[in-house]
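If you check TrEMBL, you get these features:
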type     : residues                       : note
DOMAIN   : 72-155                         : domain 'Saposin B-type'
DISULFID : CYS76-CYS151                   : disulfide bond
DISULFID : CYS79-CYS144                   : disulfide bond
DISULFID : CYS107-CYS118                  : disulfide bond
BINDING  : ASP193, HIS195, ASP282, HIS467 : Zn(2+) 1 binding site
DISULFID : CYS208-CYS220                  : disulfide bond
DISULFID : CYS221-CYS253                  : disulfide bond
BINDING  : ASP282, ASN322, HIS431, HIS465 : Zn(2+) 2 binding site
DISULFID : CYS391-CYS439                  : disulfide bond
Amino acid sequence: MLLYRTSALAVQQALILLGISFVFLSFVETGVIRNHEFEKWTNGKGDKSAPAPPKYKMLRYAKKVVNEPENRKMSCIFCTFAVDGVQALIAQNSTDDEVAEFLVNLCDLFDVEQPHVCKNIIYAFKDEVVFVLERSVFTPEEICGAFIANCGHSDKPLTHMWNITIPGGKPPIRPWPKILDNKPTYKVLHLSDIHIDHQYVVGTEAYCQLDSALGTYAMCCRDYSQDSVGNPTNLKDKPIYVPAGPWGMPYLCDLPYQTFDSAMRHISKTFKDLDYIIITGDFEAHDSWDYTEDLTRENMNNMTNVFLEYFPNVPVYVSIGNHEGVPQDAMAPHTMPEYDTRGPQWLYKIMSDMWAHWIPKEALDTVQYRASYAVYPKPGLKLISLNTIYCSEFNFYLYVNEVDPDATLEWLIEELVDSEKKGELVHIISHIPPGDNYCLKGWSWNFFEIVKRFENTIAQMFYGHTHYDQFMVYYDMDDPNRRPFHFNWISPSLTTYDFLNPAYRIYEIDGGYDGATYTVKEAKTYFANVTEANMKNKEPEWVMSYDTKEHYQMTDFSPQSWSDLSDKLWTNTTMFRDYVKNFYRNHYNNECYTDYKCRYVFVCDIKKGRSYDESFCDHLTR
């Protein structure tokens, strides 16, 4: 259906969505700007006793108020102002460049982002959004309601439902397998969300949100001084409140390359017995406004060489992340008109070239088609790398036709049916956890049903994307007791973005003998305190944060055990505070336990195995 009749008009309407999308995306990328607690008051010298600057106090309070869920009005104000302004310009027969200039100026006026970002984000997403809006069912009046909660009415494309045929004949449900004592295991490294920033500059502002009225600057620890010429904020002359250290910062800063190199060197020396490595997506920094195909190719080639250097004899299995797309999340399926020119074949070729070092040639055909593949890392174990960017809410190409992009879920079912017949067990590695609202509802709900159908065959699932150390449980709502039937491992990120310390995880997986369960026997999470490393001016010290089973006093890693843990987190304040500390790898947000709504979000996210469905949480009462 063509909603807009002319290309010029489509461009103008697209610019509305571009401006709004960017603000909304900024809130998503910054975790809706959580109320970050400084470990130190800073006066440029790290003096803990020094009083905070008045500007710091004012902006910190304003940022907290603006981003409370019930007060999230600022983004709606910006959205409606942008829509009204663009509509007025269209009525005056303004050119596309005049409309774009209005949005850029609006972005600058609201101090949403650095001037370079305000300008480039419009043009980075323009072609994709224009193309989609020409073929979508959006009207300009529906845009705010579609992407911002409680901001007008819209039939949200985020919650559009569709169904896929799932074969019957489900075998009788087997109890979660028990791991036998004194049996062989495999050692597996899980890395996720590496996000290397090659433009990280030591000494720049790590808390650059202080220079934004909305507190939405998407990236810090960069030199923005040249970008501030003529801007009232005049970043060239402002004091640095939190200087970026050489090893990274637990703020909205991505990982310096030398910290990534330090981590790989440490892991390769510490764990010489790795059987394989899984990486669940996102190699690129968060500067989506500057993404190019050439830069992605260069970065991926560099990453490949690093893994080949430090782990020359260890297979590496990768799932694609949303930040590999150019623009970010843009991965059109084959059903998209003009696929030959708009499709991600260039990206899938890069991934295919990278993964060819570790996966057999016969698997590369599906990589080149849908950026997914199935391999056998060990006898009797099939590993499926699944492209979940086909469920991303910011993959705007999906809004033309959301139904099973590139028949990926149909392909997954075929692989699972094949393994079920052969008596194989399956591991799924992917980027976006299907229970996260970043994943479109239709895709998520169908995937949930697939997992339920093949719960005997799927042994484990591993995800990333959120950057947090967390897990998600799947509940059978058709069972009167809400039987927990599966769960996701979600690895913490290697990057520091979202006010985190960098981390990775090591699994011991039962396997290597007849009758092996291929479930995780032990899981240990390691992290580095980059603040401490910067203070000592030494390489980060990577230490074990906790042993999952021992720390949470779990008897095993069955879905029931994870469900029991989630219930304890709801009722046990001490355990909940400890979980939140592990969640962030520091003491950030440690006051959450005092707030019912904050605690509810944490625990409900654990119990919400499919997106846009909080019915799993209806028993979480005060």
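Including glycine, each Cβ sits where the backbone N, Cα and C put it.
If you measure from the Cα atom of CYS76 (disulfide bond) to that of CYS144 (disulfide bond), you get 7 Å. Proximity note: of the listed recorded positions (CYS107, CYS151, CYS221, ASN322, CYS439), CYS221 have a CA within 10 Å of the CA of CYS208 (disulfide bond), given in sequence order. Of all the recorded positions in the record (CYS144, CYS220, CYS253, CYS391, HIS431), the one with the smallest CA separation from HIS195 (Zn(2+) 1 binding site) is CYS253. Cβ contacts within 10 Å of CYS220 (disulfide bond), excluding its own Cβ and spanning all protein chains shown: 24. Considering only the recorded positions CYS144, CYS151, ASP193, CYS220, the residue whose Cα is spatially closest to the Cα of ASN322 (Zn(2+) 2 binding site) is ASP193. Per Cα geometry, HIS431 is the residue among the recorded positions CYS118, CYS151, HIS431, CYS439 nearest to ASP282 (Zn(2+) 1 binding site). Least packed by the Cβ count within 10 Å, out of the disulfide-bonded residues CYS76, CYS107, CYS144, CYS221, CYS253, is CYS76.
Its own atom aside, the Cβ of ASN322 (Zn(2+) 2 binding site) has 24 Cβ atoms within 10 angstroms in the protein chains shown.
Annotated Zn(2+) 2 site ASP282, ASN322, HIS431, HIS465; additional same-chain residues within 8 Å of its Cβ mean position, judged by their own Cβ, are SER192, ASP193, THR280, GLY281, ILE320, GLY321, HIS323, THR388, ILE389, ILE432, GLY464. Rounded to a whole number, the C-alpha distance linking HIS431 (Zn(2+) 2 binding site) with ASP193 (Zn(2+) 1 binding site) is 9 angstrom. Calculated from their C-alpha atoms, the gap between ASP193 (Zn(2+) 1 binding site) and HIS465 (Zn(2+) 2 binding site) amounts to 6 Å. Every protein chain shown contributes to the tally, and the Cβ of HIS195 (Zn(2+) 1 binding site) ends up with 24 other Cβ atoms within 10 Å. HIS467 (Zn(2+) 1 binding site) has a Cβ environment of 26 other Cβ atoms inside 10 Å. Across the structure, CYS220 (disulfide bond) and CYS439 (disulfide bond) are spaced 27 Å apart at their Cα atoms.
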